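Swiss-Prot annotations:
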ACT_SITE  H61  active site, proton donor
ACT_SITE  E113  active site
ACT_SITE  H117  active site, proton acceptor
BINDING   Q37, H61, F109, H112, E113, K116, H117  RNA binding site
DISULFID  C43-C49  disulfide bond
DISULFID  C76-C120  disulfide bond
DISULFID  C196-C207  disulfide bond
SIGNAL    1-23  signal peptide
Amino acid sequence: MRAIYIISVIIVSLSIFSWGGNARSDYPWAMFALRLQWPAGFCEVNNACDTKSLLNTFTIHGLYPYNAKGTPALYCDGTAFDVNSVSDFLAEMHLAWPSHETNTEDIQFWEHEWKKHGRCSEALLKQTDYFRTALAFRKAFDIVGLLNQEGIYPNNDLYRPKMIKEAIKKHLNAVPEIDFTKNENSEYVLTDINVCVNQQATRFVDCPTDDATDDYRLKFVRLPSKMKFADPRTNSII
């Protein structure tokens, strides 16, 4: 019963950012995937990690249009990135969509994601709407909270990939996709989770999935906790 209640609450939250309308047959993209990044996982497998941005929450990696065959849209023609398009909600962008790479500023990261994926959605979502939608999409649910309710915590424990996916599916009524990378010890570390909605963003749908990520039957993926680093400004542990 609680799961049904949670799904209902999430659907209401989803409707807040839905652009609605009828599905457009002339529009090549059938769904959108919000790619969420786990900062501690990213930083464990990337040397050029900006430790200032480590948070115990998932941050936005990107918003990707997919066609009906499950192929993401890449590098379409369209307008150039304009930072003024996010000026009204710039502070929220820095918090929710930060770059975790030391050599990439937040604005550079947004520009890259717009060029790589965002422009492909421009017939439906103009630049400002694209970024607003990603922010609202992220706020429609709490991945960490949903996982915690199913006994999955970012505490460096090992979990089967299917267990993580089933935990999220229980609450969103749709299958997510997870991504993981090997660290220097050849352990699989969770770095990203995709959550998908239909073209009009009125309901969650199953994400395109790579069967290989489901069928690491003898493998486990580790969900790192927030790592501790010395803050050079205060020499204290953060």
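Positions of Cβ are set from backbone N, Cα and C atoms, glycine also.
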Residues satisfying Cβ distance under 8 Å from C76 (disulfide bond), sequence separation of at least 6: R119, C120, E122
Residue with minimal Cβ packing [other Cβ atoms within 10 Å] among the disulfide-bonded residues C43, C49, C196: C49
Shortest C-alpha distance to F109 (RNA binding site) - which of the recorded positions C43, H61, C207: H61
Secondary-structure category, per DSSP, in which C43 (disulfide bond) falls: helix
C207 (disulfide bond) CB neighbourhood, other CB atoms within 10 A: 24
Maximum Cα-Cα separation (Å), residues Q37, H61, F109, H112, E113, K116, H117 listed as binding RNA: 17
K116 (RNA binding site): tally of other CB atoms within 10 A of its CB: 16
Spatial neighbours of H112 (RNA binding site) that are distant in sequence (at least 6 apart) but have CB under 8 A: T104
Whole-number Å value for how far H117 (active site, proton acceptor) lies from C207 (disulfide bond) (Cα to Cα): 16
Nearest of the recorded positions (C43, C49, H61, C196) to K116 (RNA binding site), judged by Cα-Cα distance: H61
For C120 (disulfide bond), the number of other Cβ atoms found within 10 Å of its own Cβ: 25
